[in-house]
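> Please read through the structure below; I'll follow up with questions.
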Amino acid sequence: MPAASPSPYSMDSSPMNSNAEVSEIDRTRIPFVHTVPAASRILPSASQWNSIELDFNLVPRSENAYHSIPSNYSKSYEFELVVSDKPYFKRFLIILGLLVLVAIGLPLLLHFLPQAHRHKTSPMNFTLAVAHSLNFFDAQKSGRYPTTSPVKFRGISGMEDGNSRNPPVDLKGGFYDSGNNIKFSFPTAYTVTLLSWSVIEYHEKFDDINELDHVKDIIKWGTDYLLKASVRSNSTSNAPVTLYSQVGSTGNGTDPYTDMSCWEKPEDMSYPRPVFACDGTTAADLAGEVVAALSAASIVFRDEKDYSNELVQAAESLYVAATKKGQTTYTSVKACGGEASRVYNSSGFQDELVWGGTWLFFATGNTTFLEYAALNFSAAIKQQDPKEQGVFYWNNKVVATGILLTRLRFFRDLGFPFEIGFKAASDMTEAMICSYLSDKHFHKSPGGLIVLMPDGSPPIQYAATASFLTKLYSDYLELGLQSSVTCGKDGFSLQTMRSFSTSQVRYILGENPMKMSYLVGFGKKYPTHVHHRAASIPKDGKKYSCPEGEQWKTKKEPNPNTLYGAMVAGPDKSDKFSDDRTKPWFTEPTIASNAGLVAALIATHEPPERSFGSKGPNLGIDQERIFSSIHLTPPAP
């Protein structure tokens, strides 16, 4: 730095050399000066980038001979700071000290203030909510129960499943659907697809909260069963496929006790469990959903090549069968889904076929499957029940397929012959998101829960998937450097979209007029009379028959086993809820509904911290994993 010139106000300089005569060299102007540690003096420097250190004589100096010895190598100068007004200087030091104390104390004060004064809403532990919601699937497992399961009131069950067929088939495993002991392949496949999709998009978040292995184990438990439930007659790709749609009975009037009428826990089942089978060619909706599940899961297990290939091969064979002529819904065929129609009645098959074709394209990169999906997407829109427009759940995949095709258009636009389907998908997706946010199409309950099917079952399962899709789409927009969604002349920002998504999740977790968390085991107040056989019957070493089990169904006391992570059916459209085991429309959970909650929770969960210097938005989403099998050849120059 430039050498300081003597100041008449604050600095006195005197040569350290005691000689009176100054040489010509001494008169040479020193352009830059520097110092070295412990030198207590400034030295001539050839560079302005060296540092400078001044001794202001604010503390007593040590007396030694070093200071009186002139240097043989450089001419040094010593400066002395003169404080002309010590009271003012002391005030300066006091004020400086107070500022330092304020700077340190203010953050500490804010840290220890009560939460109510710092947040408009109470904090919620989304990490714990994700862990709980996954535990519910452990409680629903059928077959040889894992000894490592966190759910200790469950055990081995359903080991005879499939033996009632002639010849017998192996249908052990899978998930019990809800509070009963029936296994339905249609909602199981939907559950596996949705969980797989959430992992493909947000595996970084699952990994960051140590739940990635857990959710993958749940997915594999489902796909292992679906592989058993979709059987080819021989090894050729065009071989007929048999789909097993159901194990257990909803009641046909001839058996006194069934899975629906008997209140027994799975480990004690003593009644017949019939098996229902379908032709994969005619049960197109069931086949399409199983294709989607196997295909999406194959991407999750891409690192396990043999298993991933097995899933893809099974999905391809099934899709070939499902897209032949003569398709219908599985519930329209009595021997296939006649009983299932009482619980999971399918209203169409086209949405499952385009859904399955889209996922099979992602799994294989084969544009034949995408072409079917894109060309038939408009037909799927027309076939859906008008009451279900904008709703994503086990019976309607139109809006979810639209999101996936829009993702392709954003990041891998393939052009002809897909552009018509892609355009229809992106237009429908924007309209759907706008309908969630604008209050012009869908109403909200007094407590703020969106009501997508006013005349249907309780709304929280639909609100959960709406939350997931909205947050996911907002992430797609941000990755594409877009800041809002366009709704005619209006628009909604990404923040508005995300606030909606989070508000629906927070409602489910307890921010509602009932002050009730509808996720069992989460928060201070949650349902304790869940409509669930295994949770309501104590694990006391006794086996209770069907008549004996009724006492636990109607008992007024809370369940002896807490069904952690179960999202119950929830409140009605007026926010009213009854914690009553005998009212399943309020208190019964299902695997399909829980899959939607897991997806919403992980989508709205905070992303993991990124390393310093990372580029791009930190959303916790993997933009490229879903495209890992798509290898496009660039056009010739």
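A Cβ is built for glycine as well, from the same backbone N, Cα and C atoms used for every other residue.
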> May I ask you to indicate which of 1-20, 201-220, 481-500, 561-580 is given in TrEMBL as region 'Disordered'?
1-20
> Report the mean pLDDT of the predicted model across the domain 'Glycoside hydrolase family 9' (128-601), rounded to a whole number.
94
> Same chain only, sequence gap of 6 or more: which residues have a CB within under 8 Å of the CB of His531 (active site)?
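Correct list: Gly179, Val568, Arg581, Thr582, Lys583, Pro584, Thr587, Glu588.
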